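According to TrEMBL, the protein carries these features:
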- 61-89: region 'Disordered' (REGION)
- 190-341: domain 'Peptidase S49' (DOMAIN)
- Lys258: active site, proton donor/acceptor (ACT_SITE)
- 441-592: domain 'Peptidase S49' (DOMAIN)
- Ser457: active site, nucleophile (ACT_SITE)
Amino acid sequence: MARLLVLRSAPYHRSHLSATATFLLSPSNSKHPHSASASASFPSTARRILLPSPLRVPARAIESSPGTTKQEPTPAAGEGEAQEPPPPAASAFEVEELGWGTQLAVKLRMLVAPPWKRVRKGSVLNMKLRGEISDQLKTRFSSGLSLPQICENFVKAAYDPRISGIYLHIEPLRCGWGKVDEIRRHIVDFKKSGKFVVGYMPVCGEKEYYLACACGELYAPPSAYVALFGLTVQQTFLRGVLEKVGIEPEIQRIGRYKSAGDQLARKSMSNEVREMLATLLDNIYGNWLDTISSNHGKKKEEIEEFINSGVYQVARLKEEGWITDLLYDDEVMAMLKERVGQKDKKSLRMVDYSKYSRVSKWTLGLQGGGEQIAVIRASGSITRTRSPLSVPSSGIIAEQLIEKIRTVRESEKYKAVILRIDSPGGDALASDLMWREIRLLADTKPVVASMSDVAASGGYYMAMAAPVIVAEKLTLTGSIGVVTGKFILQKLYERIDFNKEIISKGRYAELNAADQRPLRPDEAELFEKSAQNAYALFRDKAAMSRSMNVDQMETVAQGRVWSGQDAASRGLVDSLGGFSQALAIAKQKANIPHDRKVQLVEISKPSPTLPEILSGIGSSLLGVDRAVKGVLQDVTSLNGVQARMDGILFERLEDLSGENQLLLLVKDIVNYFD
C-alpha cells in the first residue's frame, strides 16, 4: 500500500537556493541518449532546469524561469579551487492558522479517532532519539527509528491542539550528520509554533550536543557522561593480518582518492586519502563550531578553547551556560507537569514516538491537495538482485527499485518525483541499470534527488540521473570511482594442505576462478583494464550529467568524497538543504503553487513475506548479529566491479561495525592456525 502524506512549505526566495549536484541534465523536451557508454569528450552544452531561484552552478547554463538571462558555462573548479559556497538553505516551515471550517473538522475527527490513534488534550510528545536512524519508513514488523516519521511527528505536533510541547530524550546517535541536520532543522521549526521543546541528555558527545542545543531548554542528570573532546576520523587496515593467514588480496582501485579496498590492500592510509579525510573532518568540525558559537552568541575561538580544555564534567556545561540545569528525568517531568497544568496528576500525560507516529495528518487537517508527488526511497548498500544473505527489507535491490521507478513513470497521477538517497554505493552494474531507469523517469516528469547522510559512489551514480540534486551541507557525496578485487589463497591453501586444480579453455578463463595462484602478468593487465573501463563509463556519464567535459570532471572525480557544501561549489550538487528543500523545488518544477498542499505518496516496499517476518523475529530471539551478516554479504559480492565508498566514522568511539567484525573473524583464524 502506498502511504499518503502532506507537507506544507513556505515560498523560497531567490537568495535561498544554492548549487550542489550530480545528474544527467538536458532540456525537458529532449530525449536522453540511450547509449550505455559515453563518449570520451562531451560538449559543455547548456543544461536547462527550472528552479525557484538562479543557481551559481559551474560548467553549464541554467534557466531558472522563462525570460531569465542564460548564463554561459564556466570551467569547473579543479582540486583546491572551490568557488564561493552557496548560501544556506532557507527553512521551508511556516506555522499557518487553520480556517474555522478546518478547525471544526479537526475536532470532529479527533472525537472519532480509534483508541490507538487517540491523544489526550494536554499531552507532551516524548521522543527518544538514540542509536541508528533509518531513512526508510518503518513498518509494524520493523523496529527502530525512522527519519521521515521523526520529522513528520514534529510537523504534526506543531499543529496538534492536544500536544502542549515536546520532551526530547537525546542519547548516543549512530547516524550521519545529514540526518542530524534534518532533525535539528525540525526542532528549530517546531519552536515557531510557540510550544516548548525540552531536551534531556544523559550522555553528551559532539553529535548529541549539536542536536540538543537546538531545544529551547536542555537538561542533564548530575551524573551525566560528558565527552566533548573533538572529532576523529578512522580507518582500519587488514593487509598485515591477511598476510599472516596466507591471503593475498588483488585489488584494483581506480581513482587516487578511492579508499574502498584499502582496508584489504594496504597497511596504512595513503597521502591522498589522508588529505581527503582531513578536508572532510575540517568541514564537519568547522560547521560544529559555527553552529555552537552561533547558538551561544560566542566567538568560535571561545568555543574551541573550551573544547580543547577537555570537557568531561557536566557541571562545567551548566557553569558555561551550555545547558539549562542539572536535573534528573523525574524532576524534569515534575517541572513539565506544573507547566502544562497537571500538577495534581499522578504522572505527566505523555504520548510516545511510536503511538504518535500512527496519528494521521488527515486527522489534523494537514492532508489534502489534488496533486500527488511520489517519494522513492533508496537506502543502504546496492546489489542487483536479492542475495540469500540479504537482511529482510534492507539495502537497495536494483531489480525491486527499478519496478518502483517504472510504476511511477507509467502513472499519470504523479506530478513530480523525489528520489531520496542514503547509500554509500555498491554494485556498479546495478547502479548503472538504476541510473538508466531514473533518466527515463526524468523524461516524463520532474525528478529531484534528495541526499541524506551519504549518496556517494553508486549512490551518486543514481543521483546524477536526476535533473536536480539537493544535499545537506555535510552529506558525504561524490566518490566517482570504482574498485574490484579477488583473494589469492595460495599460501593459505599450502598452510592447511588444501589442493585445488582447474581445467580450463580460453586464455583468460581462470581470471576469476583461480584463487590458488597469483595472477599472470597478462591476467593482471586485463584485470586492471576492466576496472579502468568501468571507471571511464562512470566518470564520462557524470561529466555528461553535469554538463562538464571529461577533463573538468576528472578534477573532481578520482574517487574523492566531498561534503555536500564542497560538492556544491564544484558543480556536483545544485542546492543545499533537506527533504523540504527538495519538495519546494519539485513543486516549482511541476508548476504547483508553493502554498498549495500536495500529497506525498510513499512508494512503499513490497509487504514482507512470512519467511522474512519469521526470519526477523528469529534473528531478534537468537541474538544474530546483523553486522556480521552484512559483512558476509559484502564478501560474497566482492566479485565484479563495485562503485562503493568505505564507511567513514567521525566518532571517538563506535560500536563494532561490520568491518571490525570481519577483523575479529580474521584474527580468530590467525589464532587458530598459530
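Using the three backbone atoms N, Cα and C, a Cβ is placed for every residue, glycine included.
Whatever TrEMBL says is automated annotation, not expert-curated.
Each residue contributes its Cα atom, and for the residue listed as 'active site, proton donor/acceptor' and Ser457 (active site, nucleophile) these two points are 10 Å apart.
Across the domain 'Peptidase S49' (190-341), the prediction's mean pLDDT works out to 91. In this structure, Lys258 is the one among the active-site residues Lys258, Ser457 with the smallest number of other Cβ atoms inside 10 Å of its Cβ.
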